[in-house]
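Database features, via TrEMBL:
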COMPBIAS  14-24  compositional bias 'Basic and acidic residues'
DOMAIN    38-235  domain 'DUF7733'
REGION    1-30  region 'Disordered'
TRANSMEM  38-57  transmembrane segment
TRANSMEM  63-81  transmembrane segment
TRANSMEM  102-121  transmembrane segment
TRANSMEM  141-161  transmembrane segment
TRANSMEM  205-227  transmembrane segment
Amino acid sequence: MSSGVDTTGGGDIRLPKEDDDHLAHTPRHSPRRRRRFLSFRHLNPLAVLAVLAASGMVPATDLTFVLFSFVYLLLLSATAFPPLGPPGAAADPPVFGARNRLLAAYVSVGAVVGILLPVAYILDGVLAGDKEGIRAAAPHLFLLAAQVFLEGVTFSWRFSLPMRAFVPIFYNTKRLFTIVDWLASEFGKAEGEHGAARRLLAGRALAVANLAFWAFNLFGFLLPVYLPRALKGYYCGNSSNNNNTKVKD
């Protein structure tokens, strides 16, 4: 659920004359690429990951996928798409700016559809004894929680823009297959076999809603909009840095 939104720091206000004197007498230092701590919003998925992994409801293939994605993320960041500039350079700016209300609303809808409602569905399944429904919905929730956590890692550790785009695209593609399995499981249930008819309809509606939302997110937003802008920002910035280096030389 990547939005490309990041916060930017402000500065003090100076008069023009004071600003000129300050620039003339103050040596210039490049902002350092420091690793920040993960926010509380990105640490919450760790609890979800731990609970689902310990419950035994997540297949071993999904656990392996999460471990592989983290290792592959570090490998790509070190070889194919390293951060721009020298080690002390500033982090890449966000793709869509720091305050995009429309994108923030879109991400909020994804959080409700992909996380909050599935959590409520799983908790209700525990009370109703619907182990099949829990087992079908758990892989999607597990992978989405892992995605949110890794997105926090890429932002906090100042990864390059292509690597920030890699995480949601990689996980969104994987989760579509788990959602299809979830959908098949829900529509394969017989009425009254696993709880009330209300739960059966809720499970089917939730699986359909997730399939529709995340299919649009991948094919309507991440691939045609987010990824091209991330690559453009990365390579145009890289080209500008190279030109500035040549001028200084």
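Just so it is clear, glycine is given a Cβ too, placed from its N, Cα and C backbone atoms.
Contacts between the transmembrane segment (102-121) and the transmembrane segment (141-161): present, as 3 or more C-beta pairs lie under 8 angstroms, all at sequence separation of six or more. Within the model, the domain 'DUF7733' (38-235) carries an average pLDDT of 89.
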